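> I have a structure I would like to understand better, so I am pasting it below and will then ask my questions one at a time.
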Amino acid sequence: MMEKQDGTPDFHRLTSAESWSSDRSSDSCEYYQTEIFGLLPSSQAHRRFHAEAIADDPDQSLLDRVSWNPSVPLRDLPVCLQDKRDIRERQHLQSHSISYWDSWRRSQQKTRRRLKEHVGGAVSGLLLWRHTLHKIEGQFGVGVKAYFVFLRYLVCLNLLYCVIIAGSVLTPTLVFAQNSNTHGSLGFQNFSFKDFFVGSGVLESSPVFHSFYTRGSLDLDCLNTPILFLLGMTSVLFLSIMMVVRRTVVGYKHSWLTGNRFSSNLSYKVFCGWDFSIQNPQAASLKQNFIRNELRMDLEEQTFQQRVQQRSLRHWVELIFLRILLNFLVLVFLGSSFALIYFAIDKSQIKYENHWIVCLMLEYLPPITMTTVNYILPHVFSKISEFEDYSLTIQLNLTLIRSIFLKLASLGIYLFYFIKAQASMNQKTHKCTENAFGKEMYKLTIFNLLECFFNAFCVAYPRMLLVERFPSSKLVQLLGKKQFEISFNVLDLVNSQTVTWVGVFYCPLLPAINTIRLLFFFYVKKFTVVRCCAPAQRMFRTASSSVLFHFMLLLGLFMAVVTLVVNINRVDQGGCGPFEGNRTVFNVTSVCLKTLPDPVQTTINYISSEAFAFTLILAEVVILTSYVSCGRANRKAIERLKDMLVMCSSDKRFLVKQHSTIMRRQQRTR
């Protein structure tokens, strides 16, 4: 707010037609009928800037003043009760003068709005684990709840993958199979536990892997197993891209609006944060915990900002040098872990004639090494971020970035080794290289499930028992209950979902396996959080962290797409499965295209040409330009709302000053 030299506030920048209408309607009607209202600085500024408009239209409609929209219910309008009654009367008067078409259109808008509300309420009631998440939120804060919401999102996403694969890949293959014996016997006479963990034996010839999906009797030009298989896998990837990008963009927009530019109001949370509809004592306790956690986060952020403002130049220089040294240490840890993982992968390829348990451990040596490294180093990164003296949210995000780079790079090294090995592998050694790659993704998924079970019941639960049975022991007090590390658990979800995206082409039932694994994850993690973990001593906001969760998921999806493209190009297809023989991913649609009519072929050729690509780029430029314009308009609207808040605070200061003056006059007269 600008100040004149005589000390009078200058409100020239703060007023506009839109802001004034919204500002006036936010207070009570009785307030506008008082004499003091005309003396307010905002009221004087409004009369000075809008005198001509008022003179031209003295009978301005109340509906225009509040920007009434017929599709918006009256209860959602930011006006007082008397104004809402006047608007309702005006609606009845206008209903006799409007045309039949306008009346029908308004009634349809109301019907669609009510239907949307009912459908939204019904869908929200069908969400998985809603009451459980509410309980976790009240006891452990919104951060832990954000993890479980993210897990639920992945469960729904994988269920959608299962529906697509079952409809486009699995069902046609089972229905139109030429001979049920061609895929091998599905009996369990020779089944062993090693086959379950490695994916060999009867599982190798089952619908789990790529080789099961042969062409069969469905052999039309434009409707056959290869085309359906390619359509199903492409649909899964495109659907993943659209949904993950949408969640990332929506979350970023929300965090941009309520991020660093948004300052929470402690008085609102203290005096208006309680829900008076709560009648259950347990729900009341959860609400109390939720408000307390919110206040703790606000106070911790304010304390950190005050400490940052008190830093001297010497302190800043020392802190910058310390951060550079710690980041160099992080790079050393990352390089050492990558070398260790590559060494473990190389050793696992050596064949030994030992007991099957020893052979199983050697085959699982790379996943064991990756899990060990990915379990230890994120905790090291978390301790390092504490010495860098960042805020709690930045510490979490920095640990997430370093850890996701560690996990994705480890998985990238693992995939690069096997892609390189398969490209140089002789077809005589492995008849189906697609199955060999699918087995590796299957082993990673199974081992991730085993690691979750081991961490919950062999680490967290015994640790909790020690704390409860020996509370006076100094060692047990130092150990304490385990705290639920949100960043590390989110990284496990991102890593496992990336493995699913990479392996879905070679192991089509991997999304179904991952769905079962995520359901098991939820109940195991719930048991770990509620029974074995203590509430975190340090709270943080999840507005930006939730965006980072989905951004990391987007990075994993990008890595999966790149891996699939590279693997399909480097490895010769046609060893088994739907692309057996001379058919490949790239020429499987050529026969179908030749049978289409000439106009359709011409259209498809144009879509795949450079001219259409140029047109598409121009359309994208226009769309992006419109979005940038909308973003600028939204920023101006936000600035206008901030100016309205400044005017409100100035009015309050003016009223306090007037009240003090009146009180002093009354005291003098006495």
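Just so you know, glycine gets a Cβ as well, placed from its N, Cα and C.
Curation does not apply to TrEMBL; its annotations are automatic.
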> Do you know which of 1-25, 101-125 TrEMBL annotates as region 'Disordered'?
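So the range that TrEMBL calls region 'Disordered' is 1-25.
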> Counting only residues 6 or more past its boundaries, what in the same chain has a CB within less than 8 Å of a CB in the transmembrane segment (501-524)?
129, 148, 151-152, 154-155, 158-159, 161-162, 165, 169-170, 207-210, 213, 229, 232-233, 236-237, 240, 415, 434-435, 437-442, 444-445, 448-449, 452-453, 456, 493, 556-557, 559-561, 563-564, 568
> I'm a bit unsure how to read this: which one of 153-177, 320-345, 400-419, 545-568 has the highest number of Cβ pairs shorter than 8 Å with the transmembrane segment (227-245)?
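Looking at each of 153-177, 320-345, 400-419, 545-568 in turn, the most contacts to the transmembrane segment (227-245) are made by 153-177.
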> In the domain 'TMC' (432-543), how many residues does DSSP assign to helix, to strand and to coil?
85 helix, 4 strand, 23 coil
